[in-house]
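Here's the structure, in structure tokens; my notes come after.
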Amino acid sequence: MDKFRMIFQFFQSNQESFMNGICGIMALASTQMYSAFDFNCPCLPHYNMAYGLGILLVPPFILFLLGFVLNNNISMLAEEWRRPRGQRGKDPAVLRYMFCSMAQRAMIAPAVWVSVTLLDGKCITCAFCTSVPVETLGNASHPLLSQGEIQRVLARIPCKEIYNGQELIANEVAVRYLRCISQALGWCFVLLMTTLAFLVRSLRPCFSQAAFLKSRYWSHYIDIERKLFDETCAEHARSFAKVCIQQFFEGMSTDLVAGRCHLPRKASADTGEASKKLLGITDQGTMNMALKSWHRCKPPLHLHPPALPSGNGLAGEGQPSVHPSAPRRETAAYYSLV
């Protein structure tokens, strides 16, 4: 359990680790889905290729879209791309980095599905069973079958229980031929994906490491800023609700005890702290204006240090002391009369 707890804490450490964990779970789920999938080739000349290629390509496309849906940064990317320019410019390099990062993670599960499907060989066997070279592997000069009948017989190769063309070509020979081709394509696909990942990881620092670090830093900044803004809004909403509820109950208690001349209870210390957290935003219109202002013109990424007050209380006049003056040391002298 301690190991699982450590892994779970690592996934929660930052956004990238969390998304890497999600992509790993999706990759394992894709293999489990394929192993549990009941593959049934229609064994018809005009439907085999559509069914085989559909099983090979459609689920990876769905997994790719699902990878984008499960990525929390997709909404952040769309918001950053569509927001007005305002007081802060939009860096296209940061947007490209965010999109490429999401696309790379979303490609893991589809790549695993395609690799497992090709290595298994059922889809290729179903899709291209009518393209088996009968001249090389079987008896192409069968006198009792026309070209259309040969295609119908070859289409039944994936369905061993209904295949009736042993005189034309042996079922085991055709299946082994197509499966070998499928496995060769699968290993080539795995090698290609591994080579591309190696080149991206190894060659990228050699060309654009500074730009990559800049884009990665500001991508993390946008994510952290959004989280802090949501937390601040949630804290403000909590304080606003606490003050509203407290005022409501105080008003009700005042109305109920007005005839008995009982004074309402004083506001608690928690309510006073909640009022301080409102920062002057105490109505719905002001809060809506603040939210719209945050979306339309975010503050620029340039922090100005606060002006230090001078001796006469006006900023910019006089030279304020950088270090506080040291406390004056007092010395006591004692004299004795001899």
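Using the three backbone atoms N, Cα and C, a Cβ is placed for every residue, glycine included.
Feature annotation from TrEMBL assigns region 'Disordered' to 306-330.
The transmembrane segment annotation in TrEMBL covers 21-37 (among others).
What TrEMBL lists as transmembrane segment is 49-72 (among others). Within the chain carrying the transmembrane segment (49-72), a Cβ under 8 angstroms from the stretch's Cβ atoms is held by residues 15, 18-19, 22-23, 26, 30, 33, 37, 39, 41-42, 102, 105-111, 113-114, 117-118, 122-128, 130, all 6 or more beyond its ends.
Sequence-remote contacts of a segment are chain residues at least 6 beyond its ends whose Cβ falls under 8 Å from one of its Cβ atoms, and for the transmembrane segment (181-200) they are 104, 111, 114-115, 117-121, 123-125, 128. Residues annotated as transmembrane segment in TrEMBL: 181-200 (among others).
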